[in-house]
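Participant: Before I ask anything, here is the structure I am working with.
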Amino acid sequence: FKGGDTCEYLLSSGRFLGEKVWQPHSCMMHKYKNSEARNCLIDKHIVFIGDSRIRQLFYSFIKLVNPQVKEEGNKHGNIPFEDKSASIRVDFLWYPEVNGSMRQRIKTWTEGSVAKPHIIVAGAATWSIKIHNGSNEALTQYKINITSIAPLLEKLAKSSDVYWVLQDPVYEDMLSESRKMITNEKIDAYNEAAVRILNSSSRNSKAKVKVFSVSKLIAQETIMKSADGLHLPESSRDTNAMILMNVYCNKIMKPIDGSCCQPQPPLTLIQKLAFCFFTLSIIGYLIINLIHRNNFQKNKSCTDLESGEEKKPAISTPNVSTLEMLLHSFCKLGLIMTYFYLCDRANLFMKENKFYTHSSFFIPIIYILVLGVFYTESTKETKVLNREQTDEWKGWMQLVILIYHISGASTFLPVYMHIRVLVAAYLFQTGYGHFSYFWIKGDFGVYRVCQVLFRLNFLVVVLCIVMDRPYQFYYFVPLVTVWFMIIYATLAIWPQIVQKKASGNCLWHFGLLLKLICLLTCIYFLSYSQGAFEKIFSFWPLSKCFELNGNVYEWWFRWKLDRYVVFHGMLFAFIYLALQKRQMISEGKGDPLFSNRVSNILLFISIVSFLTYSIWASSCKNKTECNELHPSVSVVQILAFILIRNIPGYVRSVYSAFFAWFGKISLELFICQYHIWLAADTKGILVLIPGYPMFNVLVSTFIFVCVAHEISQITNDLAQIVVPKDNSTLLKRLLCIAGFFSGLLLFSAVQDQSRH
């Protein structure tokens, strides 16, 4: 950990990812939209003062505010720009040399009666080299002039942001005859003088002129693409302007994916309380552990002198062991949450932007597929979608989704569309699994509901508290939670139709189908009635769970995107279980699911359907249009995969233990990636070991997977304690949980009030 200000890194160091994406050292750069730039610079006055290179930077900067601006006007004169709607003024002042004229202009801003610009960007040197034919006398005069200007800039830096732009290198082979004297050696001498004088001037001053030296690094990579050897190509100018925007606006706008120049967020009241709770849990566990060790020493086996028999040590009471397990779990969880906070809220570890290449996505995919095939084992049972097979399915899908996220593959539309199918497949399994349980077991008790809700939501609730994020931020958990409650309500509402009841009378099957049709009608209505949907989820306290950035639009979008797939999962489960009950399918080891002829026909149709969907997804040109079709057609590839995976008996009889292991912790992997594998709430990549990308990924992945596995075990342990089977005890626990969430809402309201 080097410490320091990420602003300094942003202004001085970085590298290119590919040809056009600039990656600052240690932090992430946000790409500002025009609306964001206007909101940041509202009522601001910005001045660019210098030569033609500064003029280029001026134009790139104002195009971030208004992209319609054209580079017109007197090239060797002042150029004003104003956005009246946002009261933004940006001026370019033509001062190609660091001389008395520039000093006089800067001096006027230091006088009390004149309004000072909020941002000043200055720089010049190449004209001095050109006019004086690169003489040493010109360099000496430059040093004298910049020495006289430096105190004025320091004075301005106390109330304004002042940047001195160092000179970019030139491409000497392309320079015209009139510019041949501008050499990189001369430019380095001028830059060295400017840095030395400005740094020495600010040594004893809190205010500091920021040296904009990153432009040199960018120019070194791109100047050969220059039209004249002197001026940067447009893409490089735009990068410099975006860096300038990040330096000034990140601390104002606080974009999630702009970690450069952002201060560490202060701890909220709820975070402080969580910190105290975990600290007390750790202390409590250590004390109890110490007491148990002492008791163990005292209760060691000893001989009764009267009877001559050996006494057995006293057995600990169940209450003590439960308390110890509770404190032990919270102790581990507290340490893990500290790691979460340090990774993604404290400015301790570095963060970098994602950069997609085909190789960064497809090579890891091939690698994990080979590993998965290598660890093949026989299944315990050969039923369709047996436990090992669904764990395997969840596992490889989760690994593909993780690679998709870390590689930034969402920018490649065909990959995006296939990943949408994987997310839909998770929800399909939700519909299939919960429907099968309720249909076969007929268990609609509170214990089952509480167990599922606890296992789904425990980690997310803790992260909402520790990481200060809304519940809807972890969108997948709200999605599966709401769908579970919908499945439960559909089947639990009178009349409760289960397999045992339906086997006695076939009419009950029609009753269940009627329930499913009603569910489909409600889904269809809500998907095309955004107003009704938003009204339902805008009621307090539901709004506290489903709002993101002040509205429930994101929740509506996420729900609508896969609105039919849970219904498809329920319907598939109903049809499959009905066929299984009537022994219309063969699930013996090595046997095809149907007769050879039917199996071959279905297998052929499934393969064609699978490939047809992939071809359609790969030909997608517009994400919005493809998202509109996705809810209706995603089930095609899901069903095709299920049939391909289950029709051949030999394929159904084996599974990948490697994928199944990851499948058992898939939910924890999906949630934990937000903060300890990716960074800046999934927008970037966590860097534990800078300078070694592959080694960094290996180390961070190892820690990430271990943490996810540990959290899965903690959740299982706590579920047994928090959600007991005894109804009276469970009711008391539910009252305690209700009190906890009431307190959380109260503290949240106090927190929101203090923020406003």
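The backbone N, Cα and C atoms fix where each Cβ goes, and this holds for glycine too.
Keep in mind that TrEMBL annotations are predicted by a computer and have not been checked by a curator.
Copying in the features that TrEMBL gives for the protein in this structure:
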- 22-90: domain 'NXPE C-terminal' (DOMAIN)
- 253-734: domain 'Cas1p 10 TM acyl transferase' (DOMAIN)
- 269-291: transmembrane segment (TRANSMEM)
- 355-375: transmembrane segment (TRANSMEM)
- 396-417: transmembrane segment (TRANSMEM)
- 423-440: transmembrane segment (TRANSMEM)
- 452-468: transmembrane segment (TRANSMEM)
- 474-494: transmembrane segment (TRANSMEM)
- 506-526: transmembrane segment (TRANSMEM)
- 561-579: transmembrane segment (TRANSMEM)
- 600-617: transmembrane segment (TRANSMEM)
- 654-677: transmembrane segment (TRANSMEM)
- 689-709: transmembrane segment (TRANSMEM)
- 730-750: transmembrane segment (TRANSMEM)
Participant: Against which stretches of its own chain does the transmembrane segment (474-494) lie, if we need a Cβ under 8 Å and a gap of at least six residues from its ends?
Facilitator: 423, 426-427, 430-431, 434-435, 438-439, 444, 449, 452-453, 456-457, 460, 463-464, 515-516, 518-519, 545-546, 554-555, 558-559, 562, 566, 570, 667, 670-671, 674
Participant: Look over the recorded stretches 355-375, 561-579, 689-709 and say which has the most C-beta pairs under 8 A to the transmembrane segment (654-677).
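Facilitator: The stretch with the most close Cβ contacts to the transmembrane segment (654-677) is 689-709.
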Participant: What parts of the chain pack near the transmembrane segment (561-579), using Cβ distances under 8 Å and only residues at least 6 beyond its ends?
Facilitator: 384-385, 420, 423-425, 427-433, 435-436, 439-440, 479, 483, 486-487, 490, 499, 509, 512-513, 516, 519-520, 523, 526-527, 585, 627, 630-632, 634-635, 638-639, 642
Participant: Sequence gap of 6 or more, Cβ distance under 8 Å, 3 or more pairs: do the transmembrane segment (730-750) and the transmembrane segment (396-417) meet that?
Facilitator: no
Participant: When the pLDDT values for the domain 'NXPE C-terminal' (22-90) are averaged, what is the result?
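Facilitator: Mean pLDDT across the domain 'NXPE C-terminal' (22-90) comes out at 93.
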Participant: Can you break down the domain 'NXPE C-terminal' (22-90) into helix, strand and coil residue counts using DSSP?
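Facilitator: Its residues divide into 22 helix, 17 strand, 30 coil.
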